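Listed features, source TrEMBL:
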ACT_SITE  B:K208  active site, proton donor
BINDING   B:L14, B:G15, B:C16, B:G17, B:T18, B:V19, B:G20, B:A21  NADP(+) binding site
BINDING   B:K108  NADPH binding site
BINDING   B:E193  L-homoserine binding site
DOMAIN    B:356-429  domain 'ACT'
Protein chains: 2
Amino acid sequence: MTSEAAKPIRVALLGCGTVGAQIVRLLTEQAHELAARVGAPVELAGIAVRRPNKHRDVPAELLTTDAAALVTAPDVDVVVEVIGGIEPTRTWLLDALRSGKSVVTANKALLAEHAGELFSAADAAGVDLYFEAAVAGAIPLLRPLRESLAGDRITRVMGIVNGTTNFILSAMDETGAGYAETLEEAARLGYAEADPTADVDGYDAASKAAILASLAFHTRVTAGDVYREGISAVTPSDVAAARVLGRTIKLLAICERVGGDGGESVAVRVHPAMIPRNHPLAGVGGAFNAVFVEAEAAGQLMFYGQGAGGAPTASAVLGDLVAVARNLVVGGRGPRESAYADLAVRPIAQASTRYHISLDVADRAGVLAAVAAVFAQHEVSIAAVRQEGRAADASLVVVTHSAPDAALRSTVDKIAGLPFVHEVVSVMRVEGEDS
Amino acid sequence: MTSEAAKPIRVALLGCGTVGAQIVRLLTEQAHELAARVGAPVELAGIAVRRPNKHRDVPAELLTTDAAALVTAPDVDVVVEVIGGIEPTRTWLLDALRSGKSVVTANKALLAEHAGELFSAADAAGVDLYFEAAVAGAIPLLRPLRESLAGDRITRVMGIVNGTTNFILSAMDETGAGYAETLEEAARLGYAEADPTADVDGYDAASKAAILASLAFHTRVTAGDVYREGISAVTPSDVAAARVLGRTIKLLAICERVGGDGGESVAVRVHPAMIPRNHPLAGVGGAFNAVFVEAEAAGQLMFYGQGAGGAPTASAVLGDLVAVARNLVVGGRGPRESAYADLAVRPIAQASTRYHISLDVADRAGVLAAVAAVFAQHEVSIAAVRQEGRAADASLVVVTHSAPDAALRSTVDKIAGLPFVHEVVSVMRVEGEDS
């Protein structure tokens with residue numbers, strides 16, 4: 001193949017853990033195919049790691065501890081980053097971009113905080129910045145948002161983008177067990193990190209939501225703009241209440257374009273929500289991710305696949321690497337940051353949501369009327385109500401229509417203080433069906 | 001926005017039917033947004049139609065009947081084709097490419113026959129050829145195959161890519177009605193064309209399968225290479241037999257990379273098949289499309305969305321148009337044809353499939369032994385068998401393990417000729433589960 005005589009594309013790899021090792025493997029095993037697809041050989045110029053003696057399965061002469069030197073080395077064309085974290089990674093990638101290297105990264109935390117700065121550096125140097133692997137692992141999702149749907153108006157992105165929380169919630173649904181013991185089990189099976197905070201408190205999903213919202217709505221959205229609730233407060237009572245209603249609980253990342261008096265804005269939120277058991281997202285189990293995208297012309301689309309893991313993530317990274325390398329061979333660049341719309345990010349209080357509320361109340365006359373009055377005072381419309389007498393008290397379940405989240409919260413606070421309400425058993429947002 | 005001061009990208013539109021009218025609408029309504037995303041305004045230079053007086057809703061000064069002149073006009077940068085058919089469309093698009101215009105087309109039939117020729121012309125002129133809308137309407141599928149998975153090895157693509165046949169099979173499954181009357185009903189409801197041949201005989205799906213296989217396996221596959229069976233021979237007995245087994249019948253397009261003595265090859269086929277009712281493709285109803293992609297590193301991915309219709313198809317066309325226009329503004333080109341692998345296409349007889357066979361047999365000793373012997377003679381392994389006595393005869397259902405399709409056919413032919421076999425009630429391939 002004549003293309004292999006072309007000048008090689010030289011790649012600096014930052015990090016050689018689970019994902020990095022798979023990248024090294026695939027670059028080696030598929031060298032011939034990648035060269036044919038790119039139009040030039042793709043070669044590793046070096047691999048920056050912290051402890052070289054831990055990586056006996058990669059060629060020792062490629063290993064270095066000096067990432068800063070590697071990313072600006074004159075014979076490097078592309079920097080691939082799979083270390084994660086903000087610093088020193090941010091500095092290395094900015095240095096790489098400023099030195100004229102294109103960058104492929106899987107670093108969701110960094111992009112969710114500093115995408116603007118990274119894009120500016122890429123633009124100034126005229127190089128590419130790709131990051132498909134940062135959201136939903138192997139699932140082609142960012143490229144469809146950035147490119148396939150570039151002629152459409154995306155209205156909503158909703159999905160399961162964190163495998164750890166999905167594993168835990170699926171297990172709680174199956175076993176009826178509590179959060180703490182299910183998390184322990186997940187850690188034992190390798191589905192949760194030793195420090196699971198980033199996953200279970202929703203930070204990981206919020207970073208991904210920020211990236212998705214930025215691309216979908218042509219607006220800079222950072223992780224700090226994302227309303228975030230994790231899953232640690234989800235109780236067996238919530239799970240049981242969902243089951244009674246034919247629903248199940250999932251941690252959802254939701255990015256919406258919303259109208260309003262002050263013009264269009266976006267709302268981005270991560271929280272557990274009840275969805276109908278027959279909703280396609282309800283069947284997404286374990287470490288799989290799935291994302292719904294709604295656009296004005298395209299209608300509803302769904303993307304499904306493995307959201308994490310060494311090989312799937314490496315697949316996404318290599319897809320980006322081929323794109324960047326092709327651009328280097330042919331000339332030209334991939335899409336740049338598109339933030340022209342610059343929409344305001346609306347706080348959760350103004351977002352329109354639906355609530356499921358399950359109460360233990362005294363079983364006597366007037367209770368339902370009093371509860372209904374509180375909803376009416378807050379202008380929250382009730383979609384469904386079910387009251388069941390038990391020994392001394394009664395179970396009262398209310399599902400609302402869409403209303404501002406702030407109004408729903410105030411409603412719940414007020415109801416919790418009513419004298420005949422013994423306990424607020426479960427409060428959970430509801431998604432995945434018409435309101 | 002400064003970008004709108006940039007030189008406009010001028011678009012010639014060929015065809016102004018259901019899809020074309022939506023393209024005109026979106027180009028007008030989203031002019032400002034498209035300009036911001038592209039970095040230059042995107043303008044219609046002209047619209048070629050057969051009968052201009054039929055198109056009163058588009059500006060009259062844009063209409064022309066002279067497509068040949070429009071596609072080579074000096075002030076045209078991109079030609080968007082939504083006419084369909086082979087000629088004269090092929091000639092117009094080749095002329096456009098040779099005149100240095102990039103081309104965006106939704107024409108599956110043309111691409112499934114002449115992709116090589118079109119790509120060669122695009123390469124010679126250094127322009128782009130994009131065709132996302134040709135397969136699965138609005139679903140971003142070709143871009144993921146061409147780009148996102150360019151660093152991976154795709155092993156299998158399997159999906160529902162034709163809405164008309166999916167509507168008919170879904171309806172037959174629900175009502176138990178026969179093919180002919182269900183087709184009539186589909187035509188009455190607008191789900192089938194007056195001449196439904198291209199859909200019901202699998203030609204449309206075969207064109208799409210050829211395009212998918214070409215991209216997935218880096219090999220030129222044309223529609224003629226695709227084994228094709230339509231749905232007209234699917235009977236209520238087949239549908240009922242599937243139901244008894246917890247399966248349903250779908251028309252599937254299947255593209256596989258297969259190993260073998262003579263090295264790797266590809267097998268591409270379109271035929272009805274029984275899939276388990278709990279398979280994700282089983283729930284895809286009506287005009288929706290869904291496609292599974294399996295790759296070595298990425299694992300299993302699924303893409304789901306609207307497979308046809310004016311607005312969804314226009315969304316895919318405009319995504320391509322934005323990509324092409326960006327390339328014109330920034331310089332550079334999208335991915336070219338990648339056919340380096342040049343794998344052989346294996347005939348259906350050598351493809352490995354599984355059969356479900358339902359027989360009416362005489363209810364007497366030795367029948368099962370004799371039938372089993374025929375399977376053994378052809379080296380076809382039986383996965384499951386069920387025999388039920390009825391009045392004078394018995395029902396015998398056999399599901400096989402994977403075997404060469406030719407061996408399975410010979411087995412069925414031989415069994416059909418056995419004296420105690422009263423009727424072959426149903427023969428159907430089985431997909432969607434491990435063999």
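Yeah, the Cβs are placed from backbone N, Cα and C, and that goes for glycine too.
Unlike curated records, TrEMBL annotations are generated automatically.
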Got a sec? Which of these binding-site residues, B:G15, B:G17, B:G20, has the most Cβ atoms within 10 Å?
B:G20
Nearest to B:G15 (NADP(+) binding site) by Cα distance: which of the recorded positions B:K108, B:E193, B:K208 is it?
B:K108
For B:A21 (NADP(+) binding site), what is the tally of other C-beta atoms lying within 10 angstroms of its C-beta?
20
B:G20 (NADP(+) binding site) to the residue listed as 'NADPH binding site': how many Å between their Cα atoms?
16
Residue among recorded positions B:K108, B:E193, B:K208 with Cα closest to the Cα of B:T18 (NADP(+) binding site):
B:E193
Can you name every residue in this chain, apart from B:L14, B:G15, B:C16, B:G17, B:T18, B:V19, B:G20, B:A21, with its Cβ inside 8 Å of the center of the Cβ atoms of the recorded NADP(+) site?
B:L13, B:Q22, B:I23, B:V82, B:I83
Any idea what the Cα distance is from B:E193 (L-homoserine binding site) over to the residue listed as 'active site, proton donor', rounded to a whole Å?
18
Within 10 angstroms of the C-beta of B:V19 (NADP(+) binding site), what count of other C-beta atoms is obtained when all protein chains are considered?
26
Ranking the recorded positions B:K108, B:K208 by other Cβ atoms within 10 Å, which is at the bottom?
B:K108
Using C-alpha atoms, which one of the recorded positions B:L14, B:G17, B:V19, B:A21, B:K208 comes nearest to the residue listed as 'NADPH binding site'?
B:K208
Secondary structure of B:L14 (NADP(+) binding site) (DSSP, helix/strand/coil):
strand
Rounded inter-Cα distance in Å - B:G17 (NADP(+) binding site), B:K208 (active site, proton donor):
21
Determine how many residues of the domain 'ACT' (B:356-429) DSSP places in helix, in strand and in coil.
23 helix, 34 strand, 17 coil
Would you mind checking how many other C-beta atoms are within 10 angstroms of the C-beta on B:C16 (NADP(+) binding site)?
25
Number of Cβ atoms other than its own within 10 Å, given for B:L14 (NADP(+) binding site):
26
